[in-house]
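*Asks:* So that we are looking at the same thing, I have put the structure below in structure tokens.
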């Protein structure tokens, strides 16, 4: 018995380990794993079904087929355990050993391992310094390779074909050694002296000048050092022994009908064994060379197919023409070992069913069908029945449950009480996709779900299914209750706003009950308290919308958290008074004294949570839901065709627009405007008309005429059903109503260009055939987009999770001083995001001073909450430096202070929170809502007409930012810089709005001027780009020869002539390299200079520029010399939506990126080359100038002699994030990427907190490139983890050596995931083969720091409750280890001990 217990004990033992190392296996190692050699290709005997001896399923090698029973049956039972049968040679043991015992095949000739050969870059090729092509020719027996040249003129590693080989043989006899096949490669690898080679390479690298050569050499050096450091030997990349997988992992299962299903691996192994045996026989027979060679080649191919079928040549196919699944295929891809079995497993104690509404449930409950519960909780029920003595054995209990006896239901109810279950809806896009509920037993077969959690699950009841899981252990139940209960997840982790927000019917009901109507029944009544209102309403004395006076007893929670009672009389409506009955104590009446739209309800719940806490908010949310359902039923809102009221002005607006379009058409016909201008104008026109129609329609819908108590006719807000739905936010939007009752508007073609003819009809009037046909474009594109979008969005989330999975909060404070500068995000005239919203929940990095003084009002280290936000607003603070994940200095992980508030909990983030995964989910989850392109509403194109002026919204003081301008004769300013901005500041000096001013804008105000709201302060022509003079003078044309560089156009109507610069492509040969220009001269004919420089005032004209002046005309400052027509707007396909987000996270370089100045200095142009201009920037401090060749077609924003600062835009275009990082630093990059990504999400109305994007950015900035190696072990140009460089530099600092210098590098998320320190995480993400090959060669260790690695090896993850477990284990390990002390410390301790004992 004792033995049995010991045996069982051994089985359950888990191995403790801290890291996993992967390496190459030596032949000795493979033999040591093996339990015997597989010599025959046979599997099992077809008559007896017993495994053949020495075959692929041999029991002698791999173990017995039945537990404790040898093959011939001589020894049976446990008592013979460990005996080896003398007849059949099988050891008596558990049959389970067939899953773990390996065999081996002794190969008659060495075989190269295909992974190290073909996985790029080829490791074997790098080591031998041969190309992959050459090595393959040797391996597959096409050429000889010289192994030992002896005293001949040949070189080691030289390739010889047959002729050359035989010539060499005749010439030198056997002074040299040249062979072919894997043996030759094995010999060459064996002969490498790593020490010597590494020394040689280290000397060679500093002496080479060519970049490519250095790259190649450092690659080789890295690989050699990896081999040297890891203890792998190069010759192990060529196999002489092949391991054989345990048979139970490649099973052979009998099907009915006498056939067998087998794993593909058996076929592949069989091929190898057959060819190997044949080769042995041929070698014994001393067969002719050519035959042996062919056989060796076939053996190499067979082993290739076994390891990675299809990597070289055609994949070997089975009987049914599909390629066989090799060992490599087993682990990679979605169906591979990593993703199918290690990262996600199917679990027991789970079930799934359709969901339906449970409007009567409480928030923490879900309805669970009895049948399901009975099955899920079976073991618990058996235990209870037995414990109660109702059943004597488990078998009896099982019978009772199967018969469904009445006492079983009682026991079930008891078991389920207080036992939470987890509900999950696929796709689980964020952590709220799994929540815990207390089950309530219900009849029927569908799970009932509380309506308020639908938003979190993104569930609806049109046939969605959900899965139920039972947490078994006490700890699991505890976590489910404390962390995952739906009542604990009121706020969304993405933005910190409530996610338990009523929608649709509930909103409709609450909105309906809080609306007011003029002259409703009971208007003007006064009530003593809420109960009286209730009675009046129920008895029909007062209508729900009647305006009444009510005496309210409200309890208000003060700053100190105490409730103070307050009684007052308020003007309100009956419905609002009724709603106040469910509002928890502590909130004032004003929160419900308004019509409750969706936004207001969300605000109310948020406010409630912050004021009265979690418990009351949950109860309140439930009450709101019940109330909302009740009153939406009472309201009886429905939609009929008559609700779509078409505005009377529609016809007038459309006729006016049509006339204008005709006018533009005639201008085009007479050549006044170009095709592009016509197109732009027409589209602007219709966009405007559409807006007017929808304004008229909304105005029309939102008001209705009623008679008040005095008998006068007055306007009141309409009770039109459709208007109420849209207005309350229950369903529908203005854009949709516009299509129903206004006009459908402009449509886009599939390629994104807008069709000029709009659809003037709406759905109520109905569409004609042409209009219907135009509509189909958008509708179909919408459907196609949706299908693509879902897949793309899921893939984006997967990449994000993978890059950020190991980012966990590991300490409270990293002590950094750095942070990001936050200011309100102002776009156009609007403050898109005020400062308060951006800093809420962040920690201040540097003291905030009162504007205009040096009094500290917020000390560094303060966590900004709602109260502080209000305070900053009151103190009119404009910018704050906050801690950020990007600047956090924690080595592994991130610190709580840099992260700030845990958005889903509302307090500082806990240690152990997996902030990386939360960030990834928060960004990925709304991905499906992002369109693929940005401009669709059912195909209706939304394009605002191009801005041509700045009209300020608020009054205030004008501020001009980095605006270069000249003053025109009439006193107006003309902008001559591109980065100029105009801002309006209020009386406190806070910026309220900010606008970009394009080049050539005419500005009618000056710095410091006061303006009134609505004033137009700047104007420009949006369709052309002017060139403005900066001095007075006379025009002189340079290189403007008619018919060669320019062509003259005369307008028939006006008789004016324009000169148009020809495109270099269309010019005759003589004009190709001439650059037409306009220069300014004085009366004496001397060149005028630009003010403040010694550069002549000369303006080069790009292709298609139009000049209206004649040679010799007089111009004054600020005049326009030439116009460049701007391109038509093809809804300037800003890659919208999802692709844009993916591009930013992948850090892709845009096609034609903007060109930034590399250094600060003065611009000049050097000698031109064919098709390119040479731009030279000369620094003002006299250091070396910087040169860059720029294609001639790029339109430059700078003129000769202009001063630029490092990082300024020289030529417009989409920004390249890598340039921003290199020239402007990390914080500018962070600002750019955060704003760009937020713009995409904001367009869709999705709110995501900045810190999630910053968290991902931190992971993208993990790597640095070594620019100078100093005394470190890094090589210049190496990409290494920032933490590695910092650690090594610290080490070097203590030894007074030179540290390495480095530049930060931005990696895209895919690349960053693949270059993580953990090879398990990288291999389970993508490119499994490549990752594992690289890891094996370098002998990598995975310290299992991230979440993914720990899931794969089946441990608790080092986050959340698992972090405590991991740190405890680490502490235990450290206790076991002796502490390391330096010699000096030991000496000091010793002397101290001696001294003290001496006393």
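Even glycines carry a Cβ here, placed using N, Cα and C.
Taken from Swiss-Prot, the feature Zn(2+) 1 binding site applies to 70, 72, 85, 88, supported by sequence analysis. Look at Swiss-Prot and you will find 460, 462, 464 tagged as Mg(2+) binding site, backed by sequence analysis. The Zn(2+) 2 binding site feature in Swiss-Prot is assigned to 814, 888, 895, 898; the stated evidence is sequence analysis. Summarising the annotation, Swiss-Prot assigns compositional bias 'Low complexity' to 1382-1399. Residues or ranges marked as region 'Disordered' by Swiss-Prot: 1367-1399.
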*Asks:* Reduced to three states, what secondary structure does DSSP give residue 895 (Zn(2+) 2 binding site)?
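*Replies:* The three-state answer is strand.
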*Asks:* Comparing the binding-site residues 85, 895, 898, which residue's C-beta has the most other C-beta atoms within 10 angstroms in this structure?
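*Replies:* Counting Cβ neighbours within 10 Å, the top one is 898.
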*Asks:* Beyond 814, 888, 895, 898, what residues of that chain have CB atoms within 8 A of the centre of the Zn(2+) 2 site's CB atoms?
*Replies:* 811, 813, 816, 883, 885, 887, 889, 890, 894, 896, 897, 899
*Asks:* Which whole-number value in Å describes the distance between the Cα atoms of residue 88 (Zn(2+) 1 binding site) and residue 898 (Zn(2+) 2 binding site)?
*Replies:* 68
*Asks:* Cα-Cα separation of residue 464 (Mg(2+) binding site) and residue 814 (Zn(2+) 2 binding site), in Å?
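*Replies:* Answer for this pair: 46 Å between alpha carbons.
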*Asks:* Please identify, from the binding-site residues 462, 464, the residue with the sparsest Cβ neighbourhood, meaning fewest other Cβ atoms within 10 angstroms.
*Replies:* 462
*Asks:* I want to check the contact list for residue 72 (Zn(2+) 1 binding site): same chain, sequence separation of six or more, C-beta distance under 8 angstroms. What comes out?
*Replies:* 85, 87, 88, 90
*Asks:* How many Å lie between the Cα of residue 814 (Zn(2+) 2 binding site) and the Cα of residue 70 (Zn(2+) 1 binding site)?
*Replies:* 63
*Asks:* Which entry in the list of binding-site residues, 814, 888, has its Cβ near the fewest other Cβ atoms, using 10 Å as the limit?
*Replies:* 814
*Asks:* Cα of residue 888 (Zn(2+) 2 binding site) to Cα of residue 460 (Mg(2+) binding site): how many Å, rounded?
*Replies:* 41
*Asks:* Closest of the binding-site residues to residue 898 (Zn(2+) 2 binding site), Cα to Cα, picking from 70, 460, 462?
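*Replies:* Minimum Cα distance from residue 898 (Zn(2+) 2 binding site) across 70, 460, 462 lands on 460.
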*Asks:* How long is the line from the C-alpha of residue 460 (Mg(2+) binding site) to the C-alpha of residue 895 (Zn(2+) 2 binding site), rounded to the nearest angstrom?
*Replies:* 39
*Asks:* Other residues with Cβ within 8 Å of the Cβ centroid of 70, 72, 85, 88 at the Zn(2+) 1 site?
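*Replies:* Surrounding the site, in chain order, are 59, 71, 73, 74, 75, 87, 89, 90.
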*Asks:* Rounded to a whole angstrom, what is the C-alpha distance between residue 895 (Zn(2+) 2 binding site) and residue 462 (Mg(2+) binding site)?
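*Replies:* That separation, Cα to Cα, works out to 44 Å.
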*Asks:* Setting 460, 462, 464 aside, what same-chain residues sit with their Cβ within 8 Å of the center of the Cβ atoms that define the Mg(2+) site, listed in sequence order?
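*Replies:* Filtered neighbour residues, in order: 355, 459, 461, 463.
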*Asks:* May I ask for the distance between residue 70 (Zn(2+) 1 binding site) and residue 462 (Mg(2+) binding site), taken between their Cα atoms and rounded to an integer number of Å?
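*Replies:* Distance (Cα to Cα, whole Å): 59 Å.
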*Asks:* If you draw a 10 Å sphere on the Cβ of residue 460 (Mg(2+) binding site), how many other Cβ atoms land inside?
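*Replies:* I count 11 other Cβ atoms within 10 Å of it.
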*Asks:* Among the binding-site residues listed here, 70, 88, whose Cβ has the fewest other Cβ atoms inside 10 Å?
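*Replies:* Selected from the binding-site residues 70, 88 on minimum Cβ neighbours within 10 Å: 88.
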